[in-house]
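Straight from TrEMBL, the features:
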DOMAIN    A:30-362  domain 'Aminoacyl-transfer RNA synthetases class-II family profile'
BINDING   A:99, A:100, A:101, A:126, A:142, A:146, A:295, A:299, A:300  L-histidine binding site
């Protein structure tokens, strides 16, 4: 027994030590750091998106990363369980924002703004099961563009789709398709199929699963779990396989049942108008009116849309295979009213760019390509060929900085020229300004082009200009 | 009694109703939204700072907004109580980052990076008592630039000070002064004054209060609360009133007591070297070696510095009055080692720009000036003079967007020309492209300059070029 005890005590000691030294060096689950290379890619993607948002005249706002818990309560339906709450440390109860749309609506109501076109790029937080290889994280960026205000129908809605089209074309991620539908058409369809009104939202969220599940499974969820009649489900099944363009809209406007439903008729009328505007924008080639598109969130009230990348299969007869959503949005005319003390509504339509998935794709593409990504913009390295020239390097680099030149030097007293040149090779710095005894006497600096090894003496007073000229193509 | 009861019930009902309707429409305590005008100012300040960081060859990284709680534990001394914790919802214990320095050190240790120059601009969180009028918030931006790696002494340290000098000059906030000291000089000074080593840090944090409290109060804190001998305190009092330049450094190197202390001697030697480099950078005019500078954080190990804006009093004889710190930083050679499993150290020096205070000052300055800040970059409004031209406006704006022009239009079917021109006045759009029946027939667009009311017909195919030329000065 004594031996056994000894063993146990030893094990305990070991475990104790392990516990102590086992400080885990990691980022929280579902989050990541961005290293300089990833940041360089991220900046490229952000720039393309921000340029587009600004081209459409958007202002920019920012809101805090957390909101009062009650601000988020009752806005996300079932997904509310994914909200991160802060610990009650005395004071207000706070939660991390779940998206940028609800804070935007809170901002509008709080500041009594009835008219704004703004973008907002910021991180949002969801305690989801992360699938990080597919670009899904618990902390991730959203890039939102929204138009708030009472306007003539479908003009802002059409602009949102134009923006998605511009961004996805610009980023060259491959072929894409923007699916469009309208919550009013869905609700009208549910009504004529015999779905009781109390089940509209839950049946809608079943339809939303059609991009991940076959119809048979969705049907059995409707009938089995949600208690819909088999006839109603089959009727829905006929509608949700429909997709097309103006012709389909016209066809449904003639549909004996749908055309009798007020909501559906309104939705179809607006859809027709939307397609007319999209024709003027010249982008209907990538738009598909798709009755199976439902979107998860509760707050949509009109047009909804989602952009997916499509992989063209070799077999041309096959339908294009969707590889995931990269943008989505829609109209939400009731959300601001939920915050206004008097319930005053501000109609809104907006689009959210799925930046993390886009970023993952870009990263993979660049990884596969030969392109070397620079993580700095340094134009010139200030170097020396001999020893004891640290002071001269410091003086020269200071002159260049003051002239607006992006310049670096090695933080060594007497660096070897080879090491300095190697640093340029490694980091992509195109030019080297070399100070030496002779050059100092002559009032010149030797400027070396890293790629060609060409060297030329430049008068010190015109060095900054020369560097600007030689690096102006970038 | 029945009446009284009735009254009470009525009051209760009223209170109940009130409680229900009392949804508070606000941002959490100590936080704020940024409206488009504030964002425009913020972007200007950020651009100036990022341009400077890039001029010095910095890469950029990003880290999650929260860290494992244990990552932050034991890094901030007393201030740890200000850390925001997340609620335990099952899973890891998380806290919002308190600064960007500790996450940076965690990042270096985790990725075994021994050499990097990076900047990081992001929000940090402190459950402090907010003084929002003075630009202090619970959620605020930090702009950090750090150089990590084993280098020859004082070269990276000098560059950090050059960066502060460049940024504060560029932003034109008024006159400023950069105070410099060294933790080793402070510790050496404490030793020769007879402070027991166990009291170094706590006496150091008393010295840190000298910018807010007179010496007498600091002295009584040292003697009364912290149990220092009056003689030691008085001795410290003599040192901490010293400030100057190279001459003071030379004087202290001759100081019979300080020169005998190994730490102080090291610190003074490096300080001399630093001033030599700063002389080569031509910035010693705004640098003051100040023995009263202590800095709050525990982790500094060498050079420390802090930049303050100074208000020149009318009375030229008076010392300049400090109006608050706008940047600070220093060397922290031990922090990365706290994260490394084997305790391997990576020497670091860095600077943090106090962006919120700078932003407050810029906001006040712009508020006071006549300058009107544009919140969009729109170059042209696509307008119409007659009715029924919505389709034509949509077609033209689409052409302009596709040509890279920043263009807007009113989201109305038949807007009045006057309203369209007014929109340009309000938002600062410089040009209006007017489509009309006659212009359509002639294949031209009327281009109007808002400021001068000048109008000119431009051929439709050269409109984009014409707009680019006319708006290229911005």
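The backbone N, Cα and C atoms fix where each Cβ goes, glycine too.
Note on the binding-site residues A:101, A:142: the fewest other CB atoms within 10 A surround the CB of A:142. Spatially close to residue A:300 (L-histidine binding site) yet at least six residues away along the chain are A:183, A:330, A:331, A:332, judged by Cβ distances under 8 angstroms. In the predicted structure, the domain 'Aminoacyl-transfer RNA synthetases class-II family profile' (A:30-362) carries a mean pLDDT of 92. For residue A:99 (L-histidine binding site), the same-chain residues lying six or more positions away in sequence with a CB closer than 8 A to its CB are A:76, A:124, A:142, A:352. Cβ-based neighbour count (10 Å, all protein chains) for residue A:295 (L-histidine binding site) stands at 22.
Annotation note: residue A:142 (L-histidine binding site) sits in a strand segment as assigned by DSSP. The DSSP secondary structure for residue A:295 (L-histidine binding site) is coil. Looking at the residues that bind L-histidine per the record, A:99, A:100, A:101, A:126, A:142, A:146, A:295, A:299, A:300, the two CA atoms farthest apart are separated by 21 Å.
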